[in-house]
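Engineer: Structure incoming, see below.
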Amino acid sequence: MSRWARFRRERLAFFSLILLMIIGGVSLLTPVIANDKPLFIRHHDQSFLPLLHDYPEMAFGGVFETSANYQDPVLIDHIRRDGLIIMPPIPYGEHTLVLDAVTPHPSEPSRHHWLGTDDVGRDVLARVLYGLRICLLMGIGLSLVGSVIGVAFGALMGYFGGLADLLGQRFVEVWLGLPQLFVMMILASVFVPSVPVLFVLLLSFGWLSLVPLTRAHFLRTRRRAYVLAAQNLGVHPLIIIKRHILPSTLLLTLSQLPFVIVANISALTTLDFLGLGLPMGSASLGELLLQGKNHLDAPHLVLTGFVVLSVVLSLLIVIGEGLRNALDVK
């Protein structure tokens, strides 16, 4: 039975993978699902795609050469009177302010705002979708890059041993011994907040998780008969690592990857919750939880952030357990 077939027999893990793929697909389509720009406009026998191109108001019969404001009811009525306009299912973007609210912000869920609005007056559902997208992209990206670095570092330590292994172990022990959260808080407060800076900051600690596992696997595998035979034949060490040891290491890495993603998403959310993560105003689950803490009279904020984060992390953990059972990594 193939490994994929064994994983499919892990019913809960397989269902979790499908559900996570659906969530990921929806998050990637967020600019189409939640946006304050129309998907399509037909005006005076001309077609417009505002999502792909910025049009001036004059293109729709306005008097200004500035970018069209599609939240302006006068402009919308003018377009509809002479043509067709198709808005996204959620007509609010990441930074769109709700100007026609009848209650103070943050407002409770309603017919127009299914998850309410935040303390600035932005649609929470739109913010959740954009925050979930950056959360998943950052988590997966950090995990993939960190896994490559961690596996390479652990492979060199485990295969060559000796001084390389000794120095590598001491470095990893010292680096792991640092108070990671406090170090990241200090560095995040020093540098100007941006996605690249945050990525490098989280990566500086995220790559360490796979080093001990990879090192132990290489130490055990390098004494196998087929590896010793290749060494006696004078095969280059990098070729031995690539052809004889690395394939089984990739299975070990794959079984641990969901848990690495969980750790990276948790770290990103923690920094955002502390106000030291993404640039101010960026949509994120941690920022939503921070708003919930600051507005205890608006429980929909913290409940939304908590439920979304819990569901994503739970799905990843279940997938990780299923992968570990299916791959039978020992």
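Start at 1 and count along the chain as shown; that gives each residue its number.
A Cβ is built for glycine as well, from the same backbone N, Cα and C atoms used for every other residue.
Any TrEMBL annotation is an automated prediction that lacks curation.
From TrEMBL, here are the annotated features:
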DOMAIN    136-319  domain 'ABC transmembrane type-1'
TRANSMEM  12-34  transmembrane segment
TRANSMEM  130-160  transmembrane segment
TRANSMEM  172-191  transmembrane segment
TRANSMEM  197-214  transmembrane segment
TRANSMEM  250-278  transmembrane segment
TRANSMEM  298-320  transmembrane segment
Engineer: For the transmembrane segment (250-278), what are the same-chain contacts with Cβ under 8 Å, counting residues 6+ beyond its ends?
Structural biologist: 134-136, 138-140, 142-143, 146-147, 151, 181, 184-185, 188-189, 193, 195, 198, 202, 205-206, 209-210, 213-214, 217, 284-287, 289-290, 293, 309, 312-313, 316-317, 319-320, 323-324, 327, 329
Engineer: Would you mind listing the long-range same-chain contacts of the transmembrane segment (298-320), meaning Cβ under 8 Å and 6+ residues beyond its ends?
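Structural biologist: Non-local partners: 12-13, 16-17, 19-20, 23, 106, 108-109, 115-116, 118-119, 124, 128, 132, 135-136, 255-259, 261-262, 265-266, 269, 285-286, 288-289, 291-292.
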